[in-house]
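Novice: Per TrEMBL, the features are:
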{"type": "DOMAIN", "residues": "8-428", "note": "domain 'THIF-type NAD/FAD binding fold'"}
{"type": "BINDING", "residues": "21-26, Asp45, 53-56, Lys69, 114-119", "note": "ATP binding site"}
{"type": "BINDING", "residues": "Cys155, Cys158, Cys428, Cys431", "note": "Zn(2+) binding site"}
{"type": "ACT_SITE", "residues": "Cys170", "note": "active site, glycyl thioester intermediate"}
{"type": "DOMAIN", "residues": "297-365", "note": "domain 'Ubiquitin-activating enzyme SCCH'"}
{"type": "DOMAIN", "residues": "439-530", "note": "domain 'Ubiquitin/SUMO-activating enzyme ubiquitin-like'"}
{"type": "REGION", "residues": "551-627", "note": "region 'Disordered'"}
{"type": "COMPBIAS", "residues": "584-596", "note": "compositional bias 'Basic and acidic residues'"}
Amino acid sequence: MASAAAPASEAVKAAKVLMVGAGGIGCELLKTLALSGFSDIHVIDLDTIEVSNLNRQFLFRKSHVGQSKAHVARDAILKFRPNINIESHHANVKDAQFNVDFFKQFNVVLNGLDNLDARRHVNRLCLAAEVPLVESGTTGFLGQVTVHVKGKTECYECQPKPIPKSYPVCTITSTPSKFVHCIVWAKELLFAKLFGDKNQDNDLNVHSKDGSSSKLDVFERDVDEDLDQYAQRIYDHVFGYNIEVALENEETWKNRRRPNPVYIRDTLPEAVKQNGSSWDCSNDHEEPSAMASLGLTNPQEIWTLAENSRVLLEAFKLFFEKREKEIGNLVFDKDDQLAVEFVTAAANIRAHSFGIPLHSLFEAKGVAGNIVHAVATTNAIIAGLIVIEAIKVLQDDYKNYRMTYCLEHPTKKLLLMPVEPFEPNPSCYVCSETPLLLDVNTKVTKLKEVIDKIIKSKLGMNLPLVMIGSTLVFEDGDGLEEDEAANYALNLEKVLAELPAPVINGTKLTVEDFQQELSCSINIKHREEFDEEKEPDGMVLSGWSAPVEKQINSNGENKSAASSSSARATDDTVEDPSKPGMKRKLDELLETKENCDASSSAQVVEDDDDCTMLDGNPALIKKKRLQ
């Protein structure tokens, strides 16, 4: 680390910087670093360039599509700064090569990531390597830069982070009331059923209208069935027959609007015989598109019911004609044009049935991909703020560290709001090693469930090791002896109380991840019963920053639904500053409803321009700023 007395120019020239992420923020950041005098930069990014990146990730051109973001960004910068050293890594930052020793060589780490899992991983490596971390994120017009220095400021995981909201299956399958419910149905149920893994559980009704039929699954295609006939049969089943089945339960519709079944004979009386021209596509190298086949050119236009029906059937046929080899392995991807067309059309037809306003493909893609569309200017502002904070870190000027928020609407005539960093949270299990508490039924819960649902999912460990006292009951990772791996596999299927070192009320688990150099303790509290709706995991973890759910509304916006517990957490978004116990923005932000609304309306981020806006009143959580 450079001396506090060193001029900024000297600190910059001597610095070795690691930049994680070369997307929307990353492109701006790499450019700003190079133009600010930084001469030794490493860049890590797993992604390749997509067409949708080109409107804001200005280092990339159409000819770069499909190439590594890290490598292309490096080459672009070296064209106008040929004398600096930039090393690019087309790899996952969670790969074993990027371990604590790798991180120790840098003076500061700068994050421009798009997901909670990777951010937590980098945070833990920075803590272990004792390297300062500058975090960042944007979502639409909102942005944020925060500084995390071990022992001086809170770490990235000291406070809650939002995760996407999940919806009850019964709402999705039977009683949708918002467009997002229709999107989830189309994406997670219909698309997955038709084109995804056939072995996955699916809540769609698969029984045919003809009760005497021997077919167990109506989605199975008959050997001699024409593709048009198959598509129309599926259409009638999911939008017609299944709605009729739902209507049979009169109790459900006493206080709800009754849906209307939709059949192909009503929407397309011509039986879709002139639906598109997928057989006539002349260019096999172009990406299949139902819109292109049907001559629809405006993604911001809301299609009629008939147009949605044509798009659905055309997309259905194109998947079977042009991408048949992928069927059975497809997972919805917001950058897959044909998948977005199919999901948009299916969601709109279902929305029509339930009296929900229809949406354009542009809007539907935003909801389906949890997108708030990126603003290039916000990325540029945030990149500049990252470099400002990085220079302070290099000078060890911790008294002037600032968390800076970029706002959509001025507050007290300011669009950039600086906040002094907070001290480490003494309850943080990552940087303060505070023991956690797990309520669990030790007589019925298997070790595998604890590892999957708690240790990996909630605590974010990648290669965990679990010890009970001095007994090692599980270890993950390469290099295990065959008999060891077999023994651990057997332990996974045992209930906690039957492990070699039985887990009972009061048992203490020690969990470690050597890759992250993270260790924490979990105290076990045996509990017989759990609320299936409120505690679906059958276990409850306390003493950590648990997720705050985000709620996506029908126009594609997202709003955080803060939990009543002050210990709820989530992924990277703007939280509601009006909720006590949630982390903060400024006191001033609470003074005007305008800013509360602005900060709570933009939530889930597009592919790589991610935001970790942390709102709330500092006075409410009684945390001390650094003096």
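Positions of Cβ are set from backbone N, Cα and C atoms, glycine also.
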Novice: When you measure from the Cβ of Cys428 (Zn(2+) binding site), how many other Cβ atoms are you left with inside 10 Å?
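Specialist: That number is 19.
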Novice: If one measures from the C-alpha of Gly21 (ATP binding site) to the C-alpha of the residue listed as 'active site, glycyl thioester intermediate', what distance in angstrom results, rounded to a whole number?
Specialist: 39
Novice: What is the interatomic distance between the Cα atoms of Cys428 (Zn(2+) binding site) and Asp117 (ATP binding site), given in whole Å?
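Specialist: Cys428 (Zn(2+) binding site) and Asp117 (ATP binding site) have their Cα atoms 17 Å apart.
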Novice: Which are the residues of the chain, Cys155, Cys158, Cys428, Cys431 excluded, whose CB is within 8 A of where the CB atoms of the Zn(2+) site average out, their centroid?
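Specialist: Nearby residues not in the site list: Leu127, Glu154, Tyr156, Glu157, Pro424, Asn425, Val430, Ser432.
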Novice: Any idea what the Cα distance is from Cys431 (Zn(2+) binding site) over to Asn55 (ATP binding site), rounded to a whole Å?
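Specialist: Between the alpha carbons of Cys431 (Zn(2+) binding site) and Asn55 (ATP binding site) there are 39 Å.
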Novice: Across the domain 'Ubiquitin-activating enzyme SCCH' (297-365), what are the DSSP residue counts per state (helix, strand, coil)?
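Specialist: Secondary-structure composition of the domain 'Ubiquitin-activating enzyme SCCH' (297-365): 43 helix, 0 strand, 26 coil.
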Novice: Validating a neighbour-count step here. Other CB atoms within 10 A of the CB of Gly21 (ATP binding site): how many?
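Specialist: I count 30 other Cβ atoms within 10 Å of it.
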Novice: Just give me the nearest neighbour of Gly24 (ATP binding site) among the recorded positions Cys155, Cys158, Cys170, Cα to Cα.
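Specialist: For Gly24 (ATP binding site), the closest Cα among Cys155, Cys158, Cys170 is found at Cys155.
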Novice: Rank the binding-site residues Asp114, Asp117 by the number of other Cβ atoms within 10 Å of each Cβ and report the first-ranked residue.
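Specialist: Comparing the binding-site residues Asp114, Asp117, the most crowded Cβ belongs to Asp114.
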Novice: Between Cys155, Cys158, Cys170, Cys431, which of the recorded positions has the fewest other CB atoms within 10 angstroms in the structure shown?
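Specialist: Each of the recorded positions Cys155, Cys158, Cys170, Cys431 was scored by Cβ atoms within 10 Å; lowest is Cys170.
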Novice: Round to the nearest Å and give the CA-to-CA distance linking Asp117 (ATP binding site) with Cys170 (active site, glycyl thioester intermediate).
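Specialist: Just about 29 Å between their Cα atoms.
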Novice: Across all the protein chains here, work out how many other Cβ atoms are within 10 Å of the Cβ of Asp45 (ATP binding site).
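Specialist: For Asp45 (ATP binding site), the count of other Cβ atoms within 10 Å is 26.
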Novice: On a C-alpha basis, identify the one among Asp45, Asp114, Cys155 that is nearest to Cys170 (active site, glycyl thioester intermediate); the candidates are the binding-site residues.
Specialist: Asp114
